[in-house]
Each structure stands twice: as structure tokens, then as C-alpha cells.
Amino acid sequence: MGNWSTVTEFTLTAFPAFLELRILLFVVLLLTYTLTATGNIIILSLIWTDNRLQTPMYFFLSNLSFLDILFTTTIVPKLLACLLEEKKTIPFAGCIIQVYFYFFLGTVEFILLAVMSFDRYVAICNPLRYTIIMNSRTCLLLVLGCWLGAFLSVLVPIIVVTRLPYCSKEINHFFCGIAPLLQAACVDTHLIEKMNFLLSALVILSSLAFTTGSYTYIISTILRIPSAQGREKAFSTCASHITVVSIAYGSNVFVYVRPNQNYSLNFDKIAAILITVVTPLLNPFIYSLRNEKVKEVLREAMDRIMSLILRKT
């Protein structure tokens, strides 16, 4: 029986056999990754260079954009390399690092989305005290809490996975994840699956419950605003976040809040595309297209760039 110290690499086996299809997937994923990185970098640049966006809401949004860049970079570059390589392997250490950062960054995002909903709750339900409650020190502590809490919450499960004996060096996925690693293990992983289920449920469902509670109060407060214009303005500040929350929780709940992690790896592969590629791509476009202030700042930045180009020509 093998053990963790003798396994030096895994082979990823979920890639299509036809070269033409792999090249097509490579082009699509490369384009998507480029758009994701570009969109989130633009959001980061606008927030950190324009004084109108120096507010708690956009501070949290800049962290979400930074998080999306890191999250896709954890998976996509290796995925692109495997699409073109004949030997689709990943070192054991690289596999564990990928698993850790995938779940670490995913956990940060869920906690951050809950924090962002709290920010909107204070802004709409308690506007007179907003600047006092959501001061720069509080915002910084909340963000640090997101990263530290996520770091600690996924540390123990990953350590457990590294200590498992593995009978197979093949992983039935296109990147390293908990479920395909458990399938490759030699031992009964039922207890580990339960532990992962409980941790996933704790993180995802608790943050979802907090977010839902926040928006219940927010919506009830908005409905009490007497003017239609006031209600529309208040709701517009939350629309982008509600959209992002719906996509994030909708795609993750069915994959990770499930007692049997080996239930359907084929379903997991499809959902993983949505989680790792599509969602980080959509986030910057959702926030730029549905947020009037971001659109205004973006238009002004584009105008300045165009006028600079015209002057040089």
C-alpha cells in the first residue's frame, strides 16, 4: 500500500482525448482568463485611483476583485498547460498547494460576501451612523478577519488529506480537489467526507444565512422609503452584490454542501467550470454594468485615455 510520502505526482485524467478539442478549450479558457484578469485589474485600478470610490463598499469590492484574480490563477494556468501537454501530471506538493488555495480563497470569498452584505445593511438601515460604524479601522479588521478565518478553517482538512495513503496516482478531474483525492485514497474516507461536509456547510450556510438576514432587513427598510426614486436609488446600491451572491452560492451549495463528496464527480466538473472560470469573469462586469458610480468613473477614465492618445497622434 502506498502512502503520502511515496506519491510524487498525480495524473489528471479528465481532459478530452482529441487534440483539436483541447486546443479549442485552450483558446476559450485563455481568452476567459485574460478577460477575468483584465476586468478585475480595471476595477482595482479605478477604486484605488479615484477618490469618489474611496468608501467601505468599494474597499470590499477591491478585495473581491483581488480575490478573483488569485482564485482563477490557482487553477487556470495549470489547466491551460495540461491542455497542451501530452503528460498531464502535477507534483504531489503542487496538488496539495492547489487544493489548499482553492478552498482557502473560496472560503475567503464567502466570508467577504457576508461582510459586504453587512456593509449594505449599515448603509441603508442605519445611514446616520454609517461612517462611524464602518470606519477605516473596522473595514480593515473585517477584511483581515476574512483572510485569517479562512486560513485557519481549511488548514486541518488539508493536513488530513496529505496524510492519506493513495492507491491510485490518477485524479479524475482537471485540477486537484478534495473529492477526486479522496477517490484516489486507499482507506475508507467516510469520516473525512463528513468532516469536509460539516466545514463546508458551516462556512457556506452560515454566511448565506447572515447575508439573507441582512438583505431581509435591507429590503424591508427600502420598501418603507416613501418615494419611488428613493427606493430605486437604495436598491441600485445592492443590486450588484445580490447578483454576485446569487451566482456564488447557487454554484457552490450543490457541490460542497453534500454529505457524500464522491456522489457525482461529473457534475462537480461542470460546476467547477462555473466556480473557477465563469463567476470570476462575471463579477467585474456585474459591478461595472450595474453600478452607476463605477460606470461614471470608467467613462471618465476612458475619455482621459482617448484624449491622451489623440494628443499624441
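From the backbone N, Cα and C atoms, a Cβ is placed for every residue, glycine too.
Taken straight from TrEMBL:
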- 23-48: transmembrane segment (TRANSMEM)
- 39-287: domain 'G-protein coupled receptors family 1 profile' (DOMAIN)
- 60-80: transmembrane segment (TRANSMEM)
- 100-118: transmembrane segment (TRANSMEM)
- 139-160: transmembrane segment (TRANSMEM)
- 197-218: transmembrane segment (TRANSMEM)
- 238-258: transmembrane segment (TRANSMEM)
- 270-289: transmembrane segment (TRANSMEM)
Sequence-remote contacts (6 or more beyond its ends) of the transmembrane segment (60-80), Cβ cut-off under 8 Å? 26, 29-30, 32-33, 36-37, 40-41, 43-44, 47-48, 90, 94, 98, 101-102, 105-106, 108-109, 112-113, 115-116, 119, 139, 142-143, 146, 174-175, 244, 276-277, 279-280, 283-284, 287
Beyond a gap of at least 6 residues from its ends, the CB atoms lying under 8 Å from the transmembrane segment (270-289) belong to 29, 32-33, 35-36, 39-40, 42-43, 61, 64-65, 68-69, 71-72, 75-76, 102, 106, 173-175, 177, 240, 243-244, 247-248, 251-252, 254-255, 295, 298
